[in-house]
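Student: One structure is given below, represented as structure tokens, and several questions about it will come after.
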Amino acid sequence: MATSATSPHAPGFPAEGRCGYYVEKKKRFCRMVVAAGKRFCGEHAGAAEEEDARKRILCPLDPKHTVYEDQLAKHLKKCNSREKPKPDFYIQDINAGLRDETEIPEQLVPISSLSEEQLEKLIKKLRKASEGLNSTLKDHIMSHPALHDALNDPKNGDSATKHLKQQASILGNIENLKLLGPRRCFVEFGAGKGKLSHWVDIALKDAEKVHFILVEKVTTRFKVDGKHRKKNSVFERLQIDIQHLCLNKIPVLREEKLPVVGIGKHLCGMATDLALRCLVETYAASFEERNEEPLAKRIKNDKTEKEIYTLAKEGNEKNVPEKWNPVAGIVIALCCHHRCDWRHYVGKEYFRALGLGAVEFHYFQRMSSWATCGMRKTSLETSNSTTKRQDNQNDDSEEHDDGGYRITDDGADCLPGLLSVEEKKKIGHLCKLLIDQGRIQYLQQKGFSPALQYYTDPLVSLENVLLTALPNHSSSPETTA
């Protein structure tokens, strides 16, 4: 598959001081610097006869790279994959739901393995539970002047334009809710490259005391938050799973008491539930009167319960202004309901009140993908689309960019012959609506006024529902910040 520099398949020679190993897949030589007197880098040393005396093994921390066996101990001390000390804002499972093993079935078969009778019974339960719900949401498709130039830039391809339209609408909805202003902290969950915060910052121009916290659990390339060097706004990126994020422990929120605006574009499945719990339970509840029950009655390990109790006590160490809302608002574009998890779902109480439980939730979340899998591309269309994206270097390709089409992640959820495409789409939308309704009730119980609306055209994205929430009886953030 790969040969050295002497291979007839290797055109030319490696650059001076660079590895002589020819990478067949990339049609070029390895570009790693070699040690003095060596032909190959450490990773490809096995290809050189003179290196045979030293054995290379897979790194036990990350098998994607190798290391000399006789230098393993030294390597483990500096390997980038070694476990790093946990930051103060990391508290294990602080935003996790209750693990009730009695409710989780031992084995759940794929939808395709259900009998026609079992499937009909599930759909009947779904329709009964959805009675009275308004399946047609209001259109709140908006835009914002901050993105005007980008939206009209011919250099942006179709993919980039679709993302810009969504970001413009989310930004317009944030402004419409009067959440766009100075003296606050925007927490972007599932931030990715950080482009939503980027546009919020541009829209705010020179607003004072604006802080951005970008939460993402994986390392991300081509981040845009590093481009912001303004004095009036600060960007801080946290690489952490939302499940373990304690906002109360972040210095700027602990010291300055800035109202938080939770935002997100296409926050996948259970990440939405974790973000809601992070905002309205772990964070907002710590500012409530201490004679109320601290946070939620969730069974956790002793360490976590102790941390929560400490946070509740620390919440009023500084005088908090009267009528001040720790969470000024929530604006999250929903996505990927098929990735929800019963343990973390915030609407369990709503489901139970309808006579539903973990089994029904499991199948409803699987069937929710039917709402976005009806408009499948042909192989030719998909191939052409892929080629087009590769040719256009300006396209803003991101995780949910599929040109408005969605493909289910589990072929076992398909039921050819039993239901038509339109029937499946309607059932999928009902599943999404029911899951979202549980989130709505949860926010209402926590003292918020939530709403669901369409924020973009389905031709732009089939995941086009926006969840917004404002605290009840809240005064304008401009006057309370």
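Cβ from N, Cα, C; glycine included.
So Swiss-Prot says this about it:
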- Cys59, His65, His75, Cys79: Zn(2+) binding site (BINDING)
- 113-140: coiled coil (COILED)
- Ala2: N-acetylalanine (MOD_RES)
- 381-408: region 'Disordered' (REGION)
- 56-83: zinc finger (ZN_FING)
Student: Let me spell it out: take the coiled coil (113-140), skip the flanking residues so only those 6+ beyond its ends count, and list any with a Cβ under 8 Å from a Cβ in it.
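Tutor: Same-chain contacts beyond the flanks: 169, 173, 176, 354-356, 360, 363-364, 367, 412, 415, 418, 427, 429-431, 433-434, 437, 452-455, 465-466.
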Student: Would you count the other C-beta atoms found within 10 angstroms of the C-beta of Cys79 (Zn(2+) binding site) for me?
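Tutor: That number is 16.
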Student: Excluding near sequence neighbours, so keeping only residues 6 or more apart in the same chain, what lies with its CB under 8 A of His75 (Zn(2+) binding site)?
Tutor: Cys59, Val67, Tyr68
Student: Determine, from DSSP, whether His75 (Zn(2+) binding site) sits in helix, strand or coil.
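Tutor: It is helical.
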Student: Using DSSP, tally how many residues of the zinc finger (56-83) sit in helix, strand and coil.
Tutor: 10 helix, 6 strand, 12 coil
Student: What mean pLDDT score does the coiled coil (113-140) have in the model?
Tutor: 91
Student: In this structure, which of the binding-site residues Cys59, His65 has the fewest other Cβ atoms within 10 Å of its Cβ?
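Tutor: Candidates: the binding-site residues Cys59, His65. Fewest Cβ atoms within 10 Å: His65.
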Student: Beyond the listed site residues Cys59, His65, His75, Cys79, identify every same-chain residue whose Cβ lies within 8 Å of the center of their Cβ atoms for the Zn(2+) site.
Tutor: Pro60, Leu61, Asp62, Thr66, Val67, Leu76, Asn80, Ser81
